[in-house]
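Enquirer: First the structure, which I've put down as structure tokens, then a few questions once you've had a look.
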Amino acid sequence: MAVDGTDENSLEQGIHTKDAGRPRRSQSELKCGVRLTHFHRLLASLVGADWIFLMILGFVMAVISFVMDIFVTLFTDAHRWIYDLSDSHVFLQYFAWVTYSLILMCFAAGFANIVSPQAVGSGIPEMKTTLRGVVLQEYLTFRTLVSKVISLTCTLGSELPVGKEGPFVHIGSMCAALLCKFMSLFSGIYKNEARNKEMLTVGCAVGIGCCFASPIGGVLFSMEVTSMFFVARNYWRGFLSATFGSLIFRLLPVWHHEEETLTALYATKYRLDFPFDLQELPAFAAMGIVCGFGGAFFVYLYGKITLFVKKQKATNSFLMKNCFLYSALVSVLISTLTFPPGFGQFMAGKLTQRDSLISFFDNRTWSNHGIIADFDNDDHLAAWKHPQANVFIILTIFVIMKFWMSALSITLPIPCGSFVPIFVIGAAFGRLVGEGMATLFPEGINTDGHIYPIVPGAYAVVGAAALTAGVTHTMSTGVIMMELTGQIGHILPILISVILANMVSQSLQPSIYDTVIRIKKLPYLPLLRWGHREKHNIHVEDFMERDVRYITLKSTYRDVYRILRSGDLKTLPLVKSAESMLLLGSVERTQLQALLKQRAQELQEGLTPSTTTSYRVHFQTSTEESSSASDHPASPKPLKPALKKAAVDEEEITSNVTRTDVYAREPPIDFC
């Protein structure tokens, strides 16, 4: 008989009867079930494989970049079509030129600030902070991704001097984070937060790779810009995903019948047998030094503009609180200055940033009068020809105007980057230096009886890499430039200029990203720059607060009351004793106030017995190894059950005690 009085034989008979009533599964059904089980395991193993995740991430980023470029091209073509359609009157052309950019800019600013304000800005400073372990709310959500992509497309279509490199680093990280969440439905390995944070670094590399089709430079740039310590196992992940993304990004134009084969994004045709003369190296080095000063001044100018707008109360109330008004004013100002029939004719205002780069990298010499006569046959070069100004004047005006325009544009409340506009300014400066060298040596430089002409386009390549390095404080810009142009003949001048630009700029100003972090007051500790090495000798004891208010495990109600009256700290540290000062955790002020209020209420009601247990203050100091409770009875409403974690020596704390009862050393006082 069973415990409940039931006959065991009847139970067995019932079980057999129930099994007999079930239909028997055929052999084929059993085999099918086994195959499904094996298929499920195989699918889980494939989904959990890194290379599947990395290839999907690269493909998604390539598609986003390609589709965005298509829409940006449509926006710019529509802008030119409306501008050409209104050529009957100059005022109509001006109205069409300014209004088109104004509408797109206001839409981008409004959409970004309404849908997700976290999409505003570059995104690289926020990713630097996130990869340091700081959690920024809503920065890696699908909502922010949609807001960033749509707003960035409209911003680029408005033709303001901004880029997509910084936002694409943010977009790549968001895609990596969202893909990790999706993959966690199939494989539990994607629920590991530490591993997912490593994937964010891969997303940063893919963002650069799909923006410039430069996988190697993208990985190096993500290492320099976003990470203080780069995990070695992320090398192959970054290279695999960035390479696959770059491949798809360059294959899509071929499949779309826009290009014939895979080429560099800004392919050049410089000679490879004798790319440059050794006598040109001093000119390249001087360019690097000047670009270092220029990069530091750009960062300084950006910081001053941003702080000026923020500190001016009248400006802040009318402009910064209304994203439409501030964006509209800047858009109208820049569009007016770049209006082709107006002042824009002296700075090639009709050209987009891509068209400007293509013209700067041209291997012909513009200062040659025979070449200038052929400018009318090339739309890109015709913009640099003016009957009242030579090439040097136009290039100088272009560099000066684009310099402050770019610094002003990246302060707007829109998704924008600074890499591409700085790239264009550096290329223009390099082109100016190259044209000057070609004018000084019209026949070229004589080397061992052979004369090799100067190639001004090569100076543009070096200038673009050097100025960008001076602003971002990175060495990878040289690698990006070589991948972007397919030019390896000038690798030595590029690296020399990049190194010198970094040396100069790092000794004068922080990078553009560290400046944004400082202005936004993000929780990030930047590296010490050159010229501040003496700060390495500063220790914590030199500036720490020595008079610290704290509570111990032996603190009485009176001690807690006095500490709360002595200041308004929101959180108080809890230490083991005043002698050891071993940090156990922290207690919020509100919890201590609630404890004292309850104690005072008990005293008023006369509910406190005369035993010593009534004067106890209960602190629950649970550790991971806590397994048993204390022998003392639990308090009705103990202090905050979960103390904030702190690094403690568990050998000194009895891990099997979850609640420490401390007796008051003196009679309680009336807290009322």
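Please read every residue number as a count from 1 along the shown chain.
Every residue, even glycine, has its Cβ placed from backbone N, Cα and C.
When I checked TrEMBL for this same protein, it listed these features:
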- 1-10: compositional bias 'Acidic residues' (COMPBIAS)
- 15-26: compositional bias 'Basic and acidic residues' (COMPBIAS)
- 619-630: compositional bias 'Polar residues' (COMPBIAS)
- 1-26: region 'Disordered' (REGION)
- 619-652: region 'Disordered' (REGION)
- 51-74: transmembrane segment (TRANSMEM)
- 94-115: transmembrane segment (TRANSMEM)
- 168-187: transmembrane segment (TRANSMEM)
- 199-223: transmembrane segment (TRANSMEM)
- 281-302: transmembrane segment (TRANSMEM)
- 323-343: transmembrane segment (TRANSMEM)
- 387-405: transmembrane segment (TRANSMEM)
- 412-430: transmembrane segment (TRANSMEM)
- 450-472: transmembrane segment (TRANSMEM)
- 484-504: transmembrane segment (TRANSMEM)
Enquirer: Compare 51-74, 94-115, 387-405, 412-430 by their Cβ pairs under 8 Å to the transmembrane segment (199-223) and return the stretch that comes out on top.
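Expert: Ranking 51-74, 94-115, 387-405, 412-430 by Cβ pairs under 8 Å to the transmembrane segment (199-223) puts 51-74 first.
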Enquirer: Which residues, given as numbers and ranges, are at least 6 beyond the ends of the transmembrane segment (450-472) yet have a Cβ under 8 Å from it?
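Expert: The answer is 225, 268, 270-271, 274-277, 280, 283-284, 287-288, 291-296, 298-299, 357, 360-366, 418-419, 422-431, 433-435, 437-438, 441, 443-444, 478, 480-481, 485, 487, 490, 493-494, 497-498, 500-502, 504-505, 511-513.
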Enquirer: For the transmembrane segment (51-74), give me same-chain residues lying six or more residues beyond its boundaries with a C-beta closer than 8 angstroms to one of its C-beta atoms, as numbers and ranges.
Expert: 149, 152-153, 156-157, 164, 168, 171-172, 175-176, 179-180, 183, 190, 199, 202-203, 206-207, 209-211, 237, 240-249, 252-253, 256
Enquirer: Which residues of the chain, 6 or more past the ends of the transmembrane segment (281-302), have a CB below 8 A from one of its CBs?
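Expert: For the transmembrane segment (281-302), the list is 403-404, 406-407, 410-411, 418, 422, 426, 429-430, 433, 437, 459, 462-463, 466-471, 492-493, 496-505, 508-512, 515.
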Enquirer: When only pairs 6 or more apart in sequence are counted, do the transmembrane segment (94-115) and the transmembrane segment (323-343) reach 3 or more Cβ pairs under 8 Å?
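Expert: When sequence-distant Cβ pairs are counted, the transmembrane segment (323-343) touches the transmembrane segment (94-115), since at least 3 lie under 8 Å.
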Enquirer: Near the transmembrane segment (387-405), which residues from the same chain, at least 6 beyond its ends, have a CB less than 8 A from one of its CBs?
Expert: 161, 294, 298, 301, 334, 337, 346-348, 366-367, 372, 421, 424-425, 428-429, 431-432, 435-436
Enquirer: Go through the chain and flag residues at least 6 beyond the ends of the transmembrane segment (168-187) whose CB is under 8 A from any CB in it; none is fine as an answer.
Expert: 43-44, 47-48, 53, 56-57, 60-61, 64-65, 119, 122-124, 126-127, 130, 139-142, 144-145, 148-149, 152, 196, 199-200, 202-208, 210-211, 222, 225-226, 417
Enquirer: State the residues, same chain only, that lie 6 or more residues beyond the ends of the transmembrane segment (484-504) and have a CB under 8 A from a CB inside it; answer 'none' if no residue qualifies.
Expert: 212-214, 217, 263-268, 270-272, 275-276, 280-281, 284-285, 287-289, 291-293, 295-296, 361, 458, 461-463, 465-467, 469-470, 473-475, 477-478, 530
